[in-house]
Amino acid sequence: MAADGGSLLRALPCAFSPKSHEYLALCAQDGRLRIWDTDSKALHREYIPSAHLSATCTCISWGPCRTAKEGPQRKKRKSEAPQAAEKADLLALGTAAGSILIYSAMKGELHCTLDGGHSGQVNSVRWHPQDALLYSGSEDSYVAEWDLQTGKTRCKWKADRGPVSCVCVSPDGNLLLSAGQTIKMWDLETKEVYRRFTGHLTAVSTLCFATTRPPDSDSLYFLSGAASDRVLSVWQVRSDGKDKNAVLSFTLTEEPRHVDLVASDDKAVRVAVVCQDGQLHVFEHFLNGPCKKPLAPSCSVQVSSPGGRPGEDDTPLPVPLLAVAQCSGQQDLLLAYGNHLQPVVEKVTVNTAERHVCLVRDVRTTLSLSIETAVSKVKTPIVNTSGKVLVPGLPGHRAPVKTAQGVTEKRKQGSGTKEMSIEERLGEIDLSTASGGQKGPKGAPSLQTDSYAVLLVQGLESKDPTILNKVFLTKKDGLIKKTIARLPIPSVLPLVEELTKRIQSHPYTAVLMVRWLKAVLIQHMSYLSTLPDIVSQLGVLYHVIESRVKTFHKLTRLHGKLYLLMTQVAASDQVHTVKELEHRAKLVYEDESSEEDEASGDEGLPDEDSDNWEEDERMSETAERSEDEEEAAADEEMNVESKVNGDSDLDPENESEEE
């Protein structure tokens, strides 16, 4: 059985069908599902999900083999009716949006869609071996049990604190393994934890059972592999519960990507592991308890292709292996190598006695042959040069067609004009271009240089700055959109690189370049998202935009502060100018009745100046002082007379005043 249900980080899912390995299912970079026939090496089915760009496929898993009819067939007699063979039909696809698609490989259509079970990305899907059930683990840390007859969840429980990266169902259908960084074994009847296993520092990416569950529970084993881990661990489930550590480990060169295991109870277990570096390692070991030393692979297989050109030294280049399946023969392996868009499937016999096996294959010739024979459905007819062309309308359809030649000969004989030489044609072209807006004679061919799309393609191919400057100086949004819409697809990426270079080297032209860049992203974003190395190609543009966005925030703050200062300065200047204007009277009003009031009230009063008023005040003050002095002298004389007469002793009022 193949560990095809795990979600491997940065790896595209691929899996062979169970038992007969008749089909190979792959999800490529463009989000499409392709199913290849391993016998004919031809493309069997191709399915494009409706949201293949936004909700890409993250994991796939083949369902159990079943008997299904591909289409309507005629009825056969009982004597010639053969037994219906079981074939792999249903394929479960987990998506990044949290939904699961069930695809039928025989019918070539979508069987059903499972929604509402997960709120995050689906990392792993596995089928129940007997019942029509499906188990899935997601980023939302939940494990869901799906009923395919109703298309709804039967049960859902939280399996870990973090994301559930992988799930696996036991061959008897009674136990379930779920893993994040900790591996948990669940009893599917009670949905309770049966065992816990710890030993991986990173997220577990591979889980598969090595043996079935016999009456003696001490012989139940399963395998696990984690991200960035070069070891495939083997765990034993014991009845006494002393199974906290791994009993065995297989050493690998890189992180495991695909595992195919042939389980048996009485024979040695054969394990084939495809690593991240594209190598295949084959192990064969009898599981009978713990082993202290890690086991090295009995055989390592690598595929390479001659990389040199004719006339040069041929240096082999490695070809990555995608998946492996063990056949009925002990040394027979079914390999899938190359790329996900066009894989190469080959059945080889490997001598496990050799430690290292290198298979040299020319992938380029294999790809060209398989594409022509398998994928291409357009056939060109074979044209015989000696055959006659039959044109409707001629009697008997036998006479050759000569009307076109006769018309041209008559035209040549009737026209007395001489054919122009190349020099004369070039001279007319120069005159037409120099005249600018003047129109040439009727019938003269017009040049296509005024088309911005043609000029842009020519400038990108020749890298002529004059042509590119003429095109990029356009400020009309409508013309820019039409030019980008007419631009051919191969010129989109060079245009983005040219715009990035200009924005980076000449910042003052960014206002014009951003209009072109916006039109390119709106028109050709779907094409750019399908490029495999889009991150490396558009990384410079991303960093330029990010740096400008960071600077924009600082400039916005500075603009706000300067705006506040300028408004305060303007307000203070306005206040000062108002105060100066208030000192001057804007309006003077004189009442007409003022002269009459003055005449009536002040007729008897003499007109005096302010100086006469001051002199009068001084004279009044001196008169008052003289009067005060005279009164004080009179009082003193009376006091003296009273003392002489003796009135001071007899007067009680005077005594009280003295006291």
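Backbone N, Cα and C atoms are what each Cβ position is placed from, and that goes for glycine too.
What TrEMBL annotates here:
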REPEAT    115-156  repeat 'WD'
REGION    393-422  region 'Disordered'
DOMAIN    464-565  domain 'Small-subunit processome Utp12'
REGION    586-659  region 'Disordered'
COMPBIAS  590-618  compositional bias 'Acidic residues'
COMPBIAS  626-639  compositional bias 'Acidic residues'
COMPBIAS  648-659  compositional bias 'Acidic residues'
Same-chain residues near the repeat 'WD' (115-156), Cβ under 8 Å, at least 6 residues beyond its ends:
5-7, 58-64, 92-100, 102, 162-169, 171-173, 176, 178, 180, 186, 188, 191
For the repeat 'WD' (115-156), provide the mean pLDDT of the predicted model.
90
Going by DSSP assignments with H, G and I as helix and E and B as strand, what are the residue counts for the domain 'Small-subunit processome Utp12' (464-565)?
88 helix, 0 strand, 14 coil
Determine how many residues of the repeat 'WD' (115-156) DSSP places in helix, in strand and in coil.
0 helix, 23 strand, 19 coil
